[in-house]
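Listed features, source Swiss-Prot:
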ACT_SITE  E43  active site
ACT_SITE  E46  active site
MOD_RES   S100  pyruvic acid (Ser)
ACT_SITE  S100  active site, schiff-base intermediate with substrate
ACT_SITE  C114  active site, proton donor
ACT_SITE  S264  active site, proton acceptor
ACT_SITE  H277  active site, proton acceptor
Amino acid sequence: MKHGNYSLATMNVCSNTTKDPLTLMAMWGSMKGYNPEQGFSFEGPEKRLEVILRCTLETHVDGLRSLDDSVWSGVVGSLNAQIVSRESNEYINSYVLTESSLFVMKNRIILITCGTTTLLNSIPNILEAISAVRGELEWVSFMHKNYSFPWMQKGPHTSLADEFATLKQHFPTGKPYIFGPVDSDHYFLFCYDDIIRPCSSEDDTQLSMTMYGLDKEQTKHWFSDRFISTSAETAAIRAATHLDRVVDGTWTLHDLQFEPCGYSINAIRDEEYQTMHITPEDHCSFASYETNSRAANYSDRMKKVLGVFRPQRFTVIVFLDPESPVGKAYNEGKGIGVEPEYYPEYNLLHRTTNEFAPGYVAMKINYVRTAAVEETVTAVGGAEAGAEGGPD
């Protein structure tokens, strides 16, 4: 979430770096909002890399958590970010970064970075870490929503083609997917799967939300003339914005208010985590939320998050394993809290569901605030009426 002074030189290279169709696909969702008069805009939507290792008899008893923080500083440094703060419990090491978050568990790494970080450049360091603890690579997923300002990205993130080529170089049997319409809000997902099935348990879940057009009465709280780390001051920010309703006192948290703007928070509770990242500038306001919290229905949690940011539009993506509480509810035909009936103030724009063997489900849904839809319809209707009633 580091908001600093960036060169705008890359803003004029759009036409020179968009020749292959996959690059254009990555751009279509956001070019409609491009305003060259606006100047610098921060890339809020994050890249996400998750790597899971298989523990064997030779694997260190503490797995990846046995490694010193200097290892993770090297991983983070390879993608042009730094560790700002750290918290831990019995199961998770949590790191707030200058560009989002890192979570390290015994058998898993979750690395989430925003801006123009080069996340895929961290793969060699991560594979070295797995080798150091004598683990075996079991699962890799790389995911990002379509970038808001893709012409600002650096290699290998300048196109989906380059990202795919880099991933295939490291994980030749991995497969790419696109969730959602390529000319609107969509996700690129790459998965490498070497899980030995049937395995003892597949009960993971992941809920992610990306939100745009945040309420100005809320975003005003995430501007500052200095950096502020976890303290009474950041607690006051959480209280004023009602973030403390999402991350209550049962969680161990650490957060950071950036200068001149931006905010990040990580929270851990036993084996669960939550993370949020906020870009508050009005012309590119954005917030993201992610958790692996176990629930059979996500509506309460999602409503609390939406209550904080009050976005004009949002996308929710859910990954669920068949043995998770939400996975069992889904497979029994029950609502899991992401369906339209839970959010009457929003209209569903698009829904995509992919089912992977054995019962692993990925679901993505795009919503837009009802008032925004009505305003668009009214404006179009007025324009048509004006055209019909023009001078003879």
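Glycine is treated like the rest: Cβ placed from N, Cα and C.
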Conformational class of S264 (active site, proton acceptor) under the three-state DSSP mapping: strand
S264 (active site, proton acceptor) and H277 (active site, proton acceptor), Cα-Cα, nearest whole angstrom: 4
Neighbourhood of E46 (active site), C-beta criterion under 8 angstroms, separation at least six: S100, I112, T113, C114, H144, K145, H277, S288
Three-state secondary structure, E46 (active site) (per DSSP): coil
